[in-house]
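Undergrad: Input: one structure, supplied below.
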Amino acid sequence: NIIGSGIFISPKGVLEHSGSVGLALFVWVLGGGVTALGSLCYAELGVAIPKSGGDYAYVTEIFGGLAFPNCIPPTTASRVLSMACLMLLTWVNSSSVRWATRIQDMFTGGKLLALSLIIGMGLLQIFQGHFEELRPSNAFAFWMTPSVGHLALAFLQGSFAFSGWNFLNYVTEEMVDARKNLPRAIFISIPLVTFVYTFTNIAYFTAMSPQELLSSNAVAVTFGEKLLGYFSWAMPISVALSTFGGINGYLFTYSRLCFSGAREGHLPSLLAMIHVRHCTPIPALLVCCGATAIIMLVGDTYTLINYVSFINYLCYGVTILGLLLLRWRRPALHRPIKVNLLIPVAYLVFWAFLLVFSFISEPMVCGVGIIIILTGVPIFFLGVYWRSKPKCVHRLTESMTRWGQELCFVVYPQDAPEEEENSPCPPSLLAATDKPLKPQ
């Protein structure tokens, strides 16, 4: 799921803030290395705290009640098409976990083939001698002198393309043999994605000058138009399919985050319910669908990337800081995977650099990102911290929950042993609560 729309649009933002081709390529390689450090830390947390929900589950477990972690400008035609794809994928994820994972597998293969085509064309260009922009004298010819703040923003843009590396931790409970398969997925995917991203960017520069890349809003499409000729139509289709698969992965994983939060009492209880036959968290999926639809209203893609990347890195850092705190508070906790302490420390040093200098360089964008997170604080106090609510509020909540159950045909997951043996539900959804609620 890491490979989505990012590799097709982030190269422009990375190059814009790097100031040279060579430094931009360095940002991509280093971004993969930092992602590997973070994913190793998450691997330790994922098997030590085997709960679905990722960052949310770990921060809640480590910090307890002291922390609250919840929290191409589009034309009308593209928004309508995007909304149609979003609704379709929400329906698929609501209907069958198996079909959702099959779609993910199929589109993962498709987007890797598309990127392989770009890399293959780039290698062909190099063999034919078209690599002027990659010669050291040209690659490190700066058209501007990047500040530390610019470098931080370049990494933020690149990190958007790497986002998704922690998604397996959102569904840890549903993984088969997480102790073996979680690190295996990391060791296969992170080097592969770093290799693909770096060579994809190298391929871009064999056909485009830095100025051409900066003037393009769809780098892969421009690349295809220059090299594929009549078959250039294949590239925008590949980008669309890659994005389609990316959204499917986001719906699949983030719905489990909402499910986990509701199970702990931090979100409405309706979100912790699953369909009585399909065993899918339909209310949580609908919330994710609605949030995605709202995000579509934002016009500036690159500003949105900065918002998302800043918030993501903020959450990653707090979670990995929790790993160090957990080592100190619970040294005897069984850890099937235990990373060297230098790994989380190195990640946190980079994390601090990225956030501090991003804030200095773009205080408005980063400030809006913090405000987005802080909007959850009053909701937390009203919905979770305020225990002695009037009876009328409880009656209203119960009425809305029952209405939602009847509309979505959902109940609390069952934990009876006989149901676990025969049910298509993942184990985590079966064992999520011991208070089953039958539909009315």
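In case you wondered, yes, glycine gets a Cβ from its N, Cα and C as well.
Given the structure is predicted, the values throughout are model-derived calculations rather than measurements.
What TrEMBL records for this protein is below:
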type     : residues : note
TRANSMEM : 21-45    : transmembrane segment
TRANSMEM : 112-131  : transmembrane segment
TRANSMEM : 151-172  : transmembrane segment
TRANSMEM : 184-207  : transmembrane segment
TRANSMEM : 227-253  : transmembrane segment
TRANSMEM : 274-298  : transmembrane segment
TRANSMEM : 304-327  : transmembrane segment
TRANSMEM : 339-361  : transmembrane segment
TRANSMEM : 367-386  : transmembrane segment
REGION   : 417-440  : region 'Disordered'
Undergrad: Tell me whether the transmembrane segment (151-172) sits in contact with the transmembrane segment (367-386), defined here as at least 3 Cβ pairs under 8 Å among residues 6 or more apart in sequence.
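TA: Contact criterion not met.
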Undergrad: For the transmembrane segment (339-361) and the transmembrane segment (184-207), decide whether they are in contact, meaning at least 3 CB pairs lie under 8 A, counting pairs 6 or more apart in sequence.
TA: no
Undergrad: For the transmembrane segment (184-207), name the stretch out of 112-131, 227-253, 304-327 with the most CB-CB pairs under 8 Å.
TA: 112-131
Undergrad: Quick one: find which recorded stretch in 21-45, 227-253, 304-327, 367-386 has the most Cβ pairs under 8 Å with the transmembrane segment (112-131).
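TA: By the under-8 Å Cβ criterion, the transmembrane segment (112-131) pairs most with 227-253.
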Undergrad: Give residue numbers and ranges for long-range contacts of the transmembrane segment (227-253): same chain, 6 or more residues beyond its ends, CB-CB under 8 A.
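TA: For the transmembrane segment (227-253), the nonlocal Cβ contacts are 1, 3-5, 8, 54, 85-86, 89-90, 92-93, 100-101, 103-104, 106-108, 110-111, 113-114, 117, 121, 125, 164, 167, 170-171, 207, 218, 220-221, 285, 288-289, 292.
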